[in-house]
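For 21-262, the entry in Swiss-Prot reads domain 'ABC transporter'. Summarising the annotation, Swiss-Prot assigns ATP binding site to 53, 54, 55, 56, 57, 58, 59, 60.
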């Protein structure tokens with residue numbers, strides 16, 4: 001078994017004007033257990049960043065902290081700064097629901113509402129008081145086009161979303177998330193329940209989406225990280241070990257631990 005120096009790290013940083021989101025000294029605790037150990041990380045605007053690492057490394061916990069999804073867990077506590085547009089969104093006075101309009105999330109398994117395809121998109125807007133049908137129609141079409149789903153469902157908008165395939169349901173969930181025009185889209189293993197063809201379609205959708213959004217994705221699939229991301233961060237035991245351009249991580253990692261992990265020789 002290889003012995004690694006876990007105190008040795010290599011973390012990429014960006015000029016401030018390119019940063020869409022950043023964290024400073026973020027820790028996450030579940031009760032007395034420290035799951036995330038003081039992570040400093042910056043995410044470049046309009047790029048795709050992949051978070052990789054073994055199961056239990058903390059990458060999903062860290063991702064969920066970025067728009068305070070960990071708030072839903074009673075024993076979870078998040079400390080440190082999560083900076084979006086110069087504002088620490090981890091402060092207690094922040095309106096979490098408003099913040100999530102700017103930092104949206106797509107979950108591991110597709111979770112469409114048991115409503116029509118159309119109302120999956122419009123539901124949040126209707127609750128916010130949007131009543132003009134033309135406006136709602138435009139939101140639906142724009143969002144579905146951005147999620148590369150419009151051509152497949154435009155004649156079936158009033159059918160149940162539950163009739164869609166798994167890949168289509170996941171792209172509908174993406175359309176629903178981006179319909180409120182977030183700046184940042186968090187994706188927690190969005191392809192884990194999809195077949196290879198649907199996964200490829202999802203990755204193609206991500207490439208298009210990054211023109212308008214900053215995407216941060218957790219994946220266990222090394223090939224997906226290598227194919228679909230601009231930057232990759234390697235997590236281990238709640239810490240960020242190496243963060244660099246994806247090509248560097250997979251072809252010329254600075255640290256032996258990272259190189260061993262992405263090449264399948266870790267341990």
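Glycine is treated like the rest: Cβ placed from N, Cα and C.
In sequence order, 61, 235, 236 are the residues of the same chain, not among 53, 54, 55, 56, 57, 58, 59, 60, whose CB sits within 8 A of the CB centroid for the ATP site. For the binding-site residues 54, 56, 58, counting C-beta atoms within 10 A of each C-beta gives the highest total at 58. Of all the binding-site residues listed here (55, 57, 60), the one with the fewest other CB atoms within 10 A of its own CB is 55.
Residues near residue 59 (ATP binding site) in space but far in sequence (CB under 8 A, at least 6 apart, same chain), listed by position: 51, 52, 53, 218, 233, 235. In the three-state DSSP scheme, residue 54 (ATP binding site) falls into the coil class.
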